[in-house]
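Taken from Swiss-Prot, the feature isopentenyl diphosphate binding site applies to LYS57, ARG60, GLN96, ARG113. Marked as Mg(2+) 1 binding site by Swiss-Prot: ASP103, ASP107. If you look up Swiss-Prot, you'll see ARG112, LYS200, THR201, GLN240, LYS257, LYS266 marked as dimethylallyl diphosphate binding site. Marked as N6-(2-hydroxyisobutyryl)lysine by Swiss-Prot: LYS57. The feature N6-acetyllysine is assigned by Swiss-Prot to LYS57.
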Amino acid sequence: MNGDQKLDAYAQERQDFIQHFSQIVKVLTEEDIGHPEIGDAITRLKEVLEYNAIGGKYNRGLTVVITFRELVEPGKQDPDSLQRALTVGWCVELLQAFFLVSDDIMDSSLTRRGQTCWYQKPGIGLDAINDAFLLESSIYRLLKLYCREQPYYLDLIELFLQSSYQTEIGQTLDLITAPQGNVDLGRFTEKRYKSIVKYKTAFYSFYLPVAAAMYMAGIDGEKEHAHAKKILLEMGEFFQIQDDYLDLFGDPSMTGKIGTDIQDNKCSWLVVQCLQRASPEQRQILQENYGQKEAEKVARVKALYEEMNLSAVYMQYEEDSYNHIMGLIEQYAAPLPPAIFLGLAQKIYKRKK
């Protein structure tokens, strides 16, 4: 396949994936929406699904489907197994939605995917906490409905539970490293940053979708999973660093969100890099302005980052990281097709959103 054909194939996969969402909503709501006792709650679930699971890039969910297609020989890709792969892909997207709805409340965010955060909508507020729980429990309802008879059912349940736990541990590290109103720059070390990123982002964004497809393709060996994890966690680290960079230097019309890392006192890659390079005077500027809500203080931190040319530091890091990941793919991809990892790398490097 040449580049254009690959793009067309990907666009088709994406379209099929998005079209499957109506079936997901139907399966989760159709039976009980007219129920005399819980019908109203199911109407709310439908609304929650339709507002929060849609509008992203669908990279995580699509990764399940694309990896499944790469791993399973065409003759065994019958309509039922493809339906299951699409559904498990949507389970990953629902996990993402569960995290994002919760995360936006914790970070006091305003927009997500180019629209108002769910909890910010009139009449929603902190009821969004329970809505997030609904998104999470929908995952296990779908897995039961579609995969209960499959030999990999338990592997998938354990994988989703483990990924949720790891992400929640990462979020805990993130929150305790950046308590609101208590700026302690000494906490922002490279070591702590890497731990946050590995647990909060890399497991569920990169390992989970590939591992899910591996289990569905009958690949359950520890060695194969450990090797895939080695590559995917590194990719996840790069992806989060890129996200931190785009939080401040990205274009909100592209990213769909307005970054809040500076005012939220976050242990971001940019602040870690700044601290590694700062003179005592520059550190003082950071101390006085970081983690504060005032627009002029946020602007002062951004000006400091620009003064220290952190954009150039990032560009160099992106280059080095890409080369490092290519080396890992060469070393650890087999027996899986390298195309799985190369396709993911292609999607994330040089992205703008």
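Heads up, the Cβ atoms here are built off N, Cα and C, so glycines get one too.
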Helix, strand or coil by DSSP: which one applies to THR201 (dimethylallyl diphosphate binding site)?
helix
Using a Cβ cut-off under 8 Å and a sequence separation of 6 or more, which residues in the same chain sit near LYS57 (isopentenyl diphosphate binding site)?
LYS353
Provide, as an integer number of angstrom, the distance between the C-alpha atoms of ARG113 (isopentenyl diphosphate binding site) and LYS266 (dimethylallyl diphosphate binding site).
20
ARG60 (isopentenyl diphosphate binding site): which of the binding-site residues ASP107, THR201, GLN240, LYS257 is the nearest Cα neighbour?
THR201
Report the same-chain neighbours of LYS257 (dimethylallyl diphosphate binding site): residues 6+ apart in sequence with Cβ closer than 8 Å to its Cβ, ordered by sequence.
SER109, THR111, ARG112, ARG113, GLY114
Compare all C-alpha positions of ARG112, LYS200, THR201, GLN240, LYS257, LYS266, the record's dimethylallyl diphosphate binders, and send over the largest distance in angstrom.
19
Quick check: of the binding-site residues listed here (LYS200, GLN240, LYS266), which one has the Cα closest to that of ASP107 (Mg(2+) 1 binding site)?
LYS266
Have a look at the binding-site residues (ARG60, ARG112, ARG113, LYS200) and report the one with the fewest Cβ neighbours inside 10 Å.
ARG113
